[in-house]
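As structure tokens, the structure follows; a few thoughts come after it.
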Amino acid sequence: MWAFINKLRSPKWFYAISAKLQPLFWVAATLLLGVGTVWGLAFAPEDYQQGNSFRIIYVHVPAAFLAQSIFVSMAVSGLVFMVWKIKVADMAATVMAPLGAAMTFVALFSGAVWGVPTWGTWWMWDARLTSMLILLFLYLGVIALRGAFSSRDSGSRAASVLAMVGVINIPIIKYSVDWWYTLHQPATFTITGRAAMTMDMWAPLLMMVVGFYCFFIALTLTRTRSEILRREANKRWVRELAEEAN
Amino acid sequence: MQRSHAQLSTSAVAMHAPQGGLLVAIKATLKRDLTLMLRRRGEVLNPLVFFALVITLFPIGISPDPELLSAIAPGLLWVAALLAALLSLDSLFRSDYDDGSLEQLLLAPQPLAALGLAKVSVHWLLTGLPLALMAPLLGIMLSLPAGSYAVLAISLALGTASLSLIGAIGAALTVGLARGGVLLSLLVLPLYIPVLIFGAGAVQAAIFGEGIAAHLAILGALLALALMLAPWAIAASLRISING
């Protein structure tokens with residue numbers, strides 16, 4: 001157990017193992033996203049109420065899933081970094097934050113675009129959109145806090161604490177916003193047509209969700225690798241690596 | 001010879017070490033912070049003046065129509081009080097950080113979480129509580145419907161305690177930064193949203209004559225959760241800010 005954790009501590013070991021893992025995830029992500037996109041956008045049947053506009057679901061739902069999952073994985077990485085001082089965990093948390101913010105923005109933007117045919121307006125203070133907006137602010141806070149410190153180590157630890165505080169608050173925020181929304185329910189519309197999804201609508205959605213997750217893992221691995229090279233540039237093994245490449 | 005000298009000096013240190021446990025330290029911190037705050041009256045008064053000023057801006061910016069104002073009064077009062085509490089956060093640890101007494105607090109043998117909690121309670125006593133007491137007065141100016149004044153004060157008193165605790169985490173994280181003000185609000189405001197929802201919700205429920213017990217109970221639950229978890233986050237954040 002300890003030998004394994006000690007191995008995890010070493011960026012060099014992570015660099016070696018991730019070199020083997022990342023092609024797998026890139027290939028899986030490309031295949032799933034490629035097939036899922038074409039199937040979802042071109043071949044899945046139209047929704048009987050929303051028509052073609054329902055196809056936004058194939059981007060919106062996976063992005064929303066990922067937006068929340070990335071925040072949780074960022075907080076877990078922060079915890080691992082704070083407790084076991086594993087630097088790789090902090091590097092992963094560093095590169096996850098912008099992707100998470102981007103996914104939150106994609107979910108918000110696709111939600112707004114969906115709002116035009118469904119609600120007739122770009123923005124509604126819908127419970128889900130509102131929680132997503134708050135999540136975006138939480139991401140921006142973590143990114144800004146990390147950047148504000150002149151010492152990288154302090155910035156890392158501050159961002160880890162904030163990510164953990166945020167992850168405890170996310171369910172509280174989500175449930176209070178849901179509650180607030182049901183209290184102020186604007187009467188006219190609800191999103192319908194969600195309950196009745198047939199199998200050939202579900203299958204591409206499932207592919208897209210798994211594909212988004214594979215993309216997230218692949219991108220995190222690749223970006224963590226370059227972060228390792230950047231931070232460990234003075235270490236001997238990195239220099240040897242650079243000499244080999246030359 | 002050498003050894004006995006060493007023993008002698010350690011026992012001398014032990015004799016001169018401050019006696020007393022956690023309670024003494026908490027009491028001393030409370031007393032010190034209260035004295036300091038009361039000597040800088042401006043810091044106590046400024047959030048209150050800010051609160052009154054922001055409330056003045058709304059009728060000017062929107063409309064002096066009493067009906068319109070009374071409809072949005074609960075939310076306005078809560079948002080303005082929340083911003084006033086936010087504004088006062090930066091000074092929570094700032095002067096202690098500048099003159100080095102925060103480092104002494106870190107070095108103290110008592111747990112930092114408890115001492116931080118003592119500082120936060122003073123902050124609430126001199127910021128949150130006055131805001132809660134002043135809110136009904138501003139409520140009159142916004143023609144807040146009768147029957148909701150007590151609920152406004154109680155919900156603000158309960159809610160600002162959570163706001164102080166959550167905000168102290170942000171203040172502790174940014175105290176080491178030269179210009180942490182705007183960053184502090186960026187970190188803290190999203191975390192304030194649940195308190196705002198249930199606080200303003202309580203006042204609205206009182207206006208509509210619905211039960212307010214649920215809202216106040218949830219505000220109390222949020223406070224209990226914050227009391228339980230925030231001190232540890234404050235202590236960890238202070239350590240990061242001092243050592244970084």
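The backbone N, Cα and C atoms fix where each Cβ goes, glycine too.
Curation plays no part in TrEMBL annotations; they are all automatic predictions.
TrEMBL lists B:44-62, B:68-89, B:124-144, B:150-175, B:182-207, B:213-238 with the feature transmembrane segment.
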Interface present between the transmembrane segment (B:150-175) and the transmembrane segment (B:213-238) (three or more C-beta pairs under 8 A): yes
Short question: most Cβ pairs under 8 Å with the transmembrane segment (B:150-175), which of B:44-62, B:68-89, B:124-144, B:182-207? B:182-207
If you count Cβ pairs under 8 Å, which stretch among B:44-62, B:68-89, B:182-207 touches the transmembrane segment (B:124-144) the most? B:68-89
Who are the chain neighbours of the transmembrane segment (B:44-62) in space, where the CB to CB distance is under 8 Å and they lie at least 6 residues beyond its ends? 37-38, 68-69, 72, 76-77, 80-81, 83-85, 87-88, 126-127, 130-131, 134-135, 138, 141-142
